[in-house]
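Notes to accompany the following structure.
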Amino acid sequence: MTERKYFGTDGVRAVAGEFPLTPAWVMALGAAAGEVFKRRNPRASVVIGKDTRQSGDMLEAALAAGLTSRGVNVVHLGVLPTPGVSYLTRHLGAEAGVVISASHNPYEDNGIKFFGPGGGKLSDATELEIEAAIDEAATLAPVTGVNLGSVTNYTEAERLYTAFLSSHAPDLSGMRIALDCANGAAYRVAPKVFQQAGADVFAVYTTPDGRNINRGCGSTHMDHLRLIVREGDYDLGIAFDGDADRALFVDSRGNMIHGDHMLLLSARARGEKAVVATIMTNMALEVKLQEAGLTLERTAVGDRYVHERLHAKGLNLGGEQSGHVLFLDVSPTGDGVLTALLTLSSMKKLGTTLDALYDELVMFPQTLVNVRVKDKKAIASDPAVQHAVADAEKQLAGKGRINLRPSGTENLIRVMVEGQDEGEIHDIAAAVAKVVEERGAAGA
């Protein structure tokens, strides 16, 4: 596949104001995207939503200027979770949706992510076409006068998205729930949905100021939520990240409930035959699924790979420990608030609690060793390394697993070993890491 110049695995992301997220470049991106969308649909409209970062307004204005300069009509949705933009893209029949967000990153960062007409990921071919159009922007014939696009503010976006979420909410009457909204995109939507479902809700981090998104809060900083739940006698707590495409729970005792727990609970309640997760998913989940006659499909790390495998196999349920969980029969993209609601629906259907789930799914000990090498690509095919891995697998005897994977950004090999005996897995990881280090130092 042709290598991308600007788009990463999750759109374009950088420090706001630095290339490529400068107003001039984002305007060029908007013009390029507008040109591509107009080729497909001469009456194209694009919806734009954003999280609560202070740079969102600047980038939104630049993007809208570029899109309208090519004759595309822009519909502003305002502050809305990323999956809400996906929902409105398909609900309004837009040619595309755009989210201005950097998810769980600090406020200085921002990003631009596109959805296709159905609210799913923009195709690789379309992304490459947009990249080519950016580089050709100077040669495009100008659009003028009545042919320019319009800009409107859609004031019903939050209400419609909230109604969609509420349609999937169980009856939460009598439940005391604490929410951490990360000062992000879900700060209004999440408390409203859980209150409408009947829960007694205590919501924190619901006062965004443009700079406090994810700061010491949200799904990557859950210590405060755990304390609130323990000391406040809540049934459970739920934390979202800045753009609310993921969710993590804590049980009534403050224990972390992550994606592996949610996948087990949902697979049982929804009658799934198989679940898709990643190579980092704990083996305890695999064992529990096997006991229930279910299979676990593993992919590379990243929710996009989980998504691709679900589509390829015609499956519905998959996710990662981070709280990115996909229910493709309900939504084409990860949705933190929806994930929380569907998880609670599964819990109520099975008549269980998050406390019981935590106690049942006891994670296998896992150790990770990073080894610096000269050529990370050559390590996988090195005979000595392959022999060391084979020896490790024999020692684990089906009661554990070993995985070697290269870092995406550094010349590192990550050696992960998982098993029932913590001392044994540390010894195995050290032995394999030593071989990797020796072979890696030699350039393999």
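Including glycine, each Cβ sits where the backbone N, Cα and C put it.
Owing to the predicted nature of the structure, the values given are computational and were not obtained by experimental measurement.
The phosphoserine annotation in Swiss-Prot covers S103, and the record cites sequence analysis as its basis. For S103, D241, D243, D245, the entry in Swiss-Prot reads Mg(2+) binding site. Residues annotated as active site, phosphoserine intermediate in Swiss-Prot: S103.
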Residues flanking the Mg(2+) site, with Cβ no more than 8 Å from the Cβ centroid of S103, D241, D243, D245 and excluding those residues themselves: D51, P81, T82, S101, H104, G184, A185, F240, G242, A244, R246, G336
Rounded inter-Cα distance in Å - S103 (phosphoserine), D245 (Mg(2+) binding site): 8
Lowest local Cβ density (other Cβ within 10 Å) among recorded positions: S103, D243, D245: S103
